[in-house]
Amino acid sequence: MSCVVAVVGATGVVGREMLRTLEARRFPASRVLALASPRSAGRRLPFAGGEIEVQTASPEAFAGVSYALFSAGATTARELGPAAAAHGAVVIDNSSAWRMDPDVPLVVPEVNMHAAAKRPRGIIANPNCSTIQMLVALKPLHDAARIRHIVVSTYQAASGKGHAAMEELLAQNHALANGSPPPAAILPGQLALNVLMDWKASPGSDYSEEELKMVNETRKILSDDGIAVSPTTVRVPVVTGHSEAIHVQFHRPMDAVEARRLLASAPGVKLFDEPYAPGRHPQPIHAVGSDDVFVGRVRDDLGVPGAINLFVVADNLRKGAALNAVQIAEGLMG
Ligand SMILES: NC(=O)c1ccc[n+]([C@@H]2O[C@H](COP(=O)([O-])OP(=O)(O)OC[C@H]3O[C@@H](n4cnc5c(N)ncnc54)[C@H](OP(=O)(O)O)[C@@H]3O)[C@@H](O)[C@H]2O)c1
């Protein structure tokens, strides 16, 4: 079955990854529309050996579209998502606009693809990039022993904040190498050679918006409001590839031997766990351009019997955004 696909935000880092993903996976599209803001109308983007011209995203642009893959921020998703759905498109949105709406399923195909079947608004939400990779890694462990508590620290790449942040990190590296002050118009300060807290405050909480996304999205995706999640998120001077150190406790004890066995055959997971062989542990440079969520450093916790520690790395633009959205569309096509 062939269909028309619209990529909204096609000029952004996630949108361009969506085009590459649709092409690489030979998604059965008779036509792919590249939509963005009026600033980009007429720009040409490479696709399938040729080019497609960018059009302005508007309600009318969705006529005849079967799948609308949005990566254009929450404001655009709120404005245009319902219009695309009203034209009959299945909207799969990467922003935070719809994630916690009870009428919008929040889907990681390896974890809860079944949830995508019920979508009263015609909209499906892609979770936050950090939540996606964490849950791909934890799902097989959850199925075996049911998670009780997750303590997670993230090390998030600049591209997670979009094209401009990625460019600014590179400009900061260049400025520092030349003895100049690093520019910081997009990032909240010097990220090059540094680590930053880079998210907005959540009203009424000491936790950042990003940290609370990991709490609330995990509970929604795993359909378990009893799961405790204790997150700390930071931005590190990496261009692409988010890393996470995760401590996880279960309703029954698990050891590292069992965890490795479960992870070795888990969908979407690449177990990469030879930490003392040089370079044989998950790193962002391995994950960039890969579909897999890399999992390593699987260890029994030293202080909490029956709990596991692991290190998880994935390409935030790919499994953290574009690939997850395309996999949802593929799953719906059957
Ligand atoms: N980066 C990640 O790792 C990641 C992961 C998960 C989710 N997301 C989410 O994905 C979305 C896009 O992120 P990104 O990193 O790709 O950002 P980006 O590189 O800054 O790209 C933003 C895109 O949105 C488009 N856009 C902005 N305003 C628009 C409007 N009024 N109408 C139509 N298009 C508009 C831009 O078009 P112009 O070029 O014309 O301005 C551009 O294509 C965000 O919601 C983000 O939270 C990102």
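From the backbone N, Cα and C atoms, a Cβ is placed for every residue, glycine too.
Here the structure is a predicted model, which means the values were calculated and not measured.
Per TrEMBL, NADP(+) is bound by Thr11, Gly12, Val13, Val14, Arg39, Ser40, Ser159, Gly160; the candidate from Asn309, Asn316 named for the same site is Asn316. Cys129 (active site, acyl-thioester intermediate) is 11 Å away from Ser159 (NADP(+) binding site) when you measure Cα to Cα. Proximity of the recorded positions Thr11, Val13, Cys129, Gln156, His242, Asn316 to ligand 1, judged by a Cβ distance under 6 angstroms to any of its atoms, singles out Thr11, Val13, Cys129, Asn316 in sequence order. When the Cα atoms are compared, Glu209 (substrate binding site) and Val13 (NADP(+) binding site) turn out to be 21 Å apart. Here the recorded positions are Arg39, Arg99, His242; the one with the fewest Cβ atoms within 10 Å of its Cβ is Arg39. Site extent for NADP(+): the farthest pair of Cα atoms among Thr11, Gly12, Val13, Val14, Arg39, Ser40, Ser159, Gly160, Asn316 sits 25 Å apart. Take the CB of Asn316 (NADP(+) binding site) and look out to 10 A: across all protein chains shown you find 30 other CB atoms. Secondary structure of the domain 'Semialdehyde dehydrogenase NAD-binding' (4-119) per DSSP (helix as H, G, I; strand as E, B; remaining residues coil): 42 helix, 33 strand, 41 coil.
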